[in-house]
């Protein structure tokens, strides 16, 4: 909205805005500096905010936590507390418009341990989720895993309160969280209830140790509520003088009312909860009911003062608000501490419990500092230049600034920022931790960084320093009022004058008559003695009058001789200092007209005391009669008597004359809301107004500001009088009327509100005749004077029309005026007039009146008529209230037609209305009639549609049929011939394509050679820890971080007795085997549970592999017993038992070294070669199908023609890769059908191959730019030039799309914008596989039309064979590295387990050799090698694409076929995946049999050799995993089936001791469970 300050349009004339009003509007614009300040907008309402000294600003909104930089322009990281990865609020109950402090989903946001030597800063967060969960995370990045977490620390209710502070206890290195929370409160039935543990239901304040490990924390103490205390709402927590203070107030969450007085609880800053009492706070001054709500809190530690915002309203609206609803009260902490030693009435204290009804005296605030305001919401206090500064937020979006005087007296607040939307300010104001010139202002969903002062609005030095703002000072080099940091050369003390200097110290040039024949020009003010020069010139002629240089310890001064200078009227004086200049222009033309001594001397003229007149400074006067001192001159003027007439109205204290006492009565004041511009006609109603001679209105707003006294404008009659109220800031004021100096009678409250703001005009289009209902949406419409439509006539003349309107606070309704005299199509401006100011509200478009083409009357039943009126299509939004339809029948009969709906068709719009409850409807429908339509001001009669005669129709029908038949025969014959011709062309094209593809496929098989890179650098092996976890938990990524906790940094004293006992119990073989068998017999012990249990057991026994191997032997024998009676060949084939998964894990542990040393390199070469072959041809980005593949299902047979394009790629030099040895100009081959993303990948791979090291940036951090001469164009997968196919499908851009030719130069550059992750395109995009649509054929042209349509998949099956040939040698090398024996020795694990299987077969008297072969195959190739072959990401630090996965599945199947004893009978119809390696399988089978035989023929391993090998492996993996976590997970299964296990132990002999140990372990765990942590 723009505020128009012109005088108004010429017709009709309006009075111009008065000068004071314009000055006020300029003053209002001063806080608008914040309009350009950075703002962060979140998806949900902000619930918490905190600033770190090194890691930015943290903002919690909904279920998200954002880490922002200090400028709020960039988000550094984001944490989603919602598992779905969004920021939605988790309950259906929306928070109120003004939530109480702490009433949100984010309860705590506490950075701590910042700046501690050698320690990383941490962030403690508390949420309502997970029963009031807390997390501790590193401050640097929210995406890192939480270090510690726990539940039931904060309130789990969105409306419940929580306040906390983290501190380091004296004498220790431990950090503690002191937290106060509302754990229990009644909630509506629709809310998600959360019930804390019984021990927490009466807890008010608790102390937690933040250093405890995950799931092993301990509560250090608590302070409980008294039984009669009710709910407490905690607002803040802070440290002072060795104690922790918690401001709070008793609150009934059901009724929404405070039940007691605000208080402050105090505990010791210690390692346990030591209650030190509580103190009640009194901030009731100026409010009859008292202020029982505490809205905000701030400790001003530098002066030991605590500031609080208190309120008497609930904050849920304006219905109970008054000018004295809220107040800022300041308390001395020493007094609070003294009163806190009294008895306690809200908490269960061991001493000093209050008796029932006994309430101690409340602490009184500092009276001079109390500030009463209608709507404060927040406070933050600090000390600047020994001045206490308080920032206050308001409910209408203002940020106020209060500077306390030396005796702590509050001044009138300055408005330093206003939020345009008037959103209530959040209860917490956060200062910038690094720059004290900014403060973070939170409101609704937004956070703004606001300067703490508007220094620049003060234009002169005296104005700057007189404002007494400690943040501002006068910058001499810039000659502006600035922050000290914004002043050039501010490091020099003399260049920046702060408020301690005072306005009298401002530098100023003075011209003084010193002697009869000489006038001195000098400079006064706070100027230290330094080198300076001064020059005085005649401004009219430029003649030099005098000049000088500074003498020692004196500033420059020069003397002007008087006699030659009588005729000089304008003088320019300039003083030059080393870093700044001061110039001033003196005009002596009007000296004689100045009647006051101070004004005379201030202008440079001379005051002659003898004659008491102002003279030209060079005019002679007796020397003793010159007055040179402006201050003495000012004192002399003040002592002289002055006329008291005019000026402000002074309140008369005289008494009324004797006689009858006249009673004056005030009833009301109208309106009760006016804009900040004031109002010239405010009416006060009452009685006996004409009996008073002196009537004034007194307005009292903020208590520390001056009140306004306004004399009555006009007494209309005995009951009505009119006042003209001045402009003011936004606030609510008390109004009282004073008659003849008597008592001021209250007239109620008056609200100054912001100017109206328009957001929407509905509808925005109307017809030229007008009369349509128009609604304007916005806010503050209840203060407008009238609404104006301004439009332009022919000849560019403007006409303003006042329209009648009905306005409420949020909308205005009016009828569009008739503009028949205007152009047919015109836009008019809608304006609001407030006082003499015009506000633009938007435009309303006028179009030509609607055109009605006819109507039809139909009757389906005899008591109802339907009238359908046809209208040309237009852009009018016609509603039921806009239209009135009447049907006339006969001479005097008329019927009102009830509007039903409007239907818009392609050609016409139909308006349907109905006439109900009539007689003879059919007769009326068939007789003569007419219809009148009134649309706003438009009234017209609609003609009835003409209906063709049935007779003519019957004649024309046979002729039309004959024509149609002839045309159909001709068209059919033509179409038949055309179809035959097209089919012949398409068959020829198909034959040609088949011949070409067969020949190309044959040539490729014979000639193609893949240039495999022999030197692919270091193989990127994963370390053992991650290899093991990926094989142990292939589908559960959530265990990685808890098992990989750094075990070296754990405290040796932090051992858990319960886990130690469980570890000892598991090492009992009989007990462990019994537990496993018992668990497997439970029906709900699923296959997933068996696999997880086996993996947890492997980790727990990672350093006891000898023992683990013995367990494996026992369980394997037991499994053989089960299978031998049924089908022995099926043993170990599936993973359905603990031992089968245990065997997989055991093989992974024991063969990790063999995998890394022998198999790893050929395996990595296979993956690299396969990937290189796939990328040699086209790959569809959307489906991942490729031309070169091993899997028919992933074959890209809809392949277009493609060509290789050689690019000259130039890599930009970046800080991440600044080596001089790096080659930055590289030739890269891409395909013209590659997307830009695929081209990036090939460019990255080329850089790695060329330089042996990566570029240094991620793929999504770079962009490609085509350079043609001096022009550059960024290449993107999707941009404005992308082809849009049928149904809105977008075709991704390719190299060919940009018409990039061989030798083109491509620049690789680092993106500046926020990086996004790799794009996964949806179904609305396509690449190479295109939709079968006409739009595609039009785009591609005739050359590709038939080819695309007649593609046949079988034409490209040779590509499978081509891919197989390319990788065949590498594949065979891999297979033989697996089933070969290096140095004629098998790995220990394989030899040991194969011998174990042979021995068991002999013991079982199994003579079938196939059974043992199958056992070995199921235990090694199937259980281990196939898992590795299909998942290279288990072994290497690489990303497996879906296409690579499909190819590796084919290779893995061929690998297993080599171990199969069954002969494959393949026919021509067999799957291609089987046929591809059909000829190779027999050879592989023979090699496998030789491999098995060679292992069997090797000498057996001794038990000593095997134990030594297992012991060495155990030592290798010490401290790799957090074994205590694994033991905890195992215990969860044991305790779940505790009764079954205990019953089994009771039945087994020899396990009595194990039974006792198990019971002991359970007792230890139960005791540990009682100790809770955050």
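Every residue gets a Cβ built from N, Cα and C, even glycine.
Per Swiss-Prot, signal peptide is recorded for 1-34, and the stated evidence type is sequence analysis.
According to Swiss-Prot, the domain 'Sema' annotation covers 35-452.
Positions annotated as topological domain 'Extracellular' by Swiss-Prot, on the basis of sequence analysis: 35-950. Model confidence over the topological domain 'Extracellular' (35-950) is summarised by a mean pLDDT of 85.
Residues or ranges marked as disulfide bond in Swiss-Prot (evidence: sequence analysis): 64-87 (among others). In this view, residue 87 (disulfide bond) is surrounded by 19 other Cβ atoms within 10 Å of its Cβ, with every protein chain counted.
Look at Swiss-Prot and you will find 86 (among others) tagged as N-linked glycosylation site, backed by sequence analysis. Listed in sequence order, the residues of the same chain lying 6 or more apart from residue 86 (N-linked glycosylation site) and placing their CB within less than 8 Å of its CB are 63, 64, 80. Secondary structure at residue 86 (N-linked glycosylation site), taken from DSSP and collapsed to helix, strand or coil, is coil.
What Swiss-Prot records for 143 (among others) is N-linked glycosylation site. Other Cβ atoms within 10 Å of the Cβ of residue 143 (N-linked glycosylation site) number 13 in total over all chains.
Cβ neighbour count for residue 149 (N-linked glycosylation site): 19 (other Cβ atoms within 10 Å of its Cβ, all protein chains included). Swiss-Prot lists 149 (among others) with the feature N-linked glycosylation site.
According to DSSP, residue 194 (disulfide bond) is assigned to coil rather than to any helix or strand. Taken from Swiss-Prot, the feature disulfide bond covers 156-194 (among others).
The Cβ of residue 252 (N-linked glycosylation site) has 230, 231, 258, 259 as same-chain neighbours under 8 Å, each 6 or more residues away in sequence. Swiss-Prot lists 252 (among others) with the feature N-linked glycosylation site, giving sequence analysis as the kind of evidence.
Counting only residues at least six positions away in the same chain, the Cβ atoms of 262, 291, 308, 310, 327, 329, 365, 370 sit under 8 Å from the Cβ of residue 283 (disulfide bond). Residues annotated as disulfide bond in Swiss-Prot: 283-329 (among others).
In the three-state DSSP assignment, the secondary structure recorded for residue 386 (N-linked glycosylation site) is coil. Neighbour density for residue 386 (N-linked glycosylation site): within 10 A of its CB lie 10 other CB atoms from the protein chains shown. According to Swiss-Prot, the N-linked glycosylation site annotation covers 386 (among others), on the basis of sequence analysis.
Every protein chain considered, the tally of other Cβ atoms within 10 Å of the Cβ of residue 407 (N-linked glycosylation site) stands at 8. Residues or ranges marked as N-linked glycosylation site by Swiss-Prot on the basis of sequence analysis: 407 (among others).
Residue 455 (disulfide bond) has a Cβ environment of 23 other Cβ atoms inside 10 Å. Residues or ranges marked as disulfide bond in Swiss-Prot: 455-472 (among others).
Positions annotated as disulfide bond by Swiss-Prot, on the basis of sequence analysis: 461-506 (among others). Within the same chain, residues at least 6 positions away in sequence whose Cβ sits under 8 Å from that of residue 461 (disulfide bond) are 474, 481, 497, 503, 506, 507. In the three-state DSSP assignment, the secondary structure recorded for residue 461 (disulfide bond) is helix.
According to Swiss-Prot, the disulfide bond annotation covers 464-481 (among others).
Mapped onto three states, the DSSP output places residue 487 (disulfide bond) in coil. Residues annotated as disulfide bond in Swiss-Prot, with sequence analysis given as evidence: 475-487 (among others).
Of the candidate recorded positions, 143, 149, 472, 773, 802, the one lying closest to residue 984 (phosphoserine) when CA atoms are compared is 143. Following the DSSP three-state reduction, the secondary structure of residue 407 (N-linked glycosylation site) is coil.
In sequence order, 464 are the recorded positions from 386, 407, 464, 475, 487, 694 with a C-alpha within 10 Å of the C-alpha of residue 455 (disulfide bond). Note: residue 194 (disulfide bond) has non-local neighbours 128, 131, 132, 156, 157, i.e. same-chain residues 6+ apart with C-beta under 8 A of its own C-beta. The disulfide-bonded residues under consideration are 156, 487. Their Cβ neighbour counts within 10 Å are lowest for 487. There are 22 other Cβ atoms within 10 Å of the Cβ belonging to residue 64 (disulfide bond). Cα proximity to residue 472 (disulfide bond) (within 10 Å) is found for the following recorded positions from 87, 149, 464, 773: 464. Among the recorded positions listed (87, 475, 487, 694), 87 has its Cα nearest to the Cα of residue 773 (N-linked glycosylation site). Calculated from their C-alpha atoms, the gap between residue 487 (disulfide bond) and residue 149 (N-linked glycosylation site) amounts to 48 Å. When Cα-Cα distances from residue 87 (disulfide bond) are compared across the glycosylation sites 143, 149, 407, 694, the shortest belongs to 143.
Close to residue 802 (N-linked glycosylation site), meaning Cα to Cα within 10 A, are none of the recorded positions out of 149, 386, 407, 464, 475, 694.
For the recorded site, residue 694 (N-linked glycosylation site), the DSSP three-state label reads coil. The Cβ neighbour count for residue 773 (N-linked glycosylation site), using a 10 Å radius and every protein chain shown, is 15.
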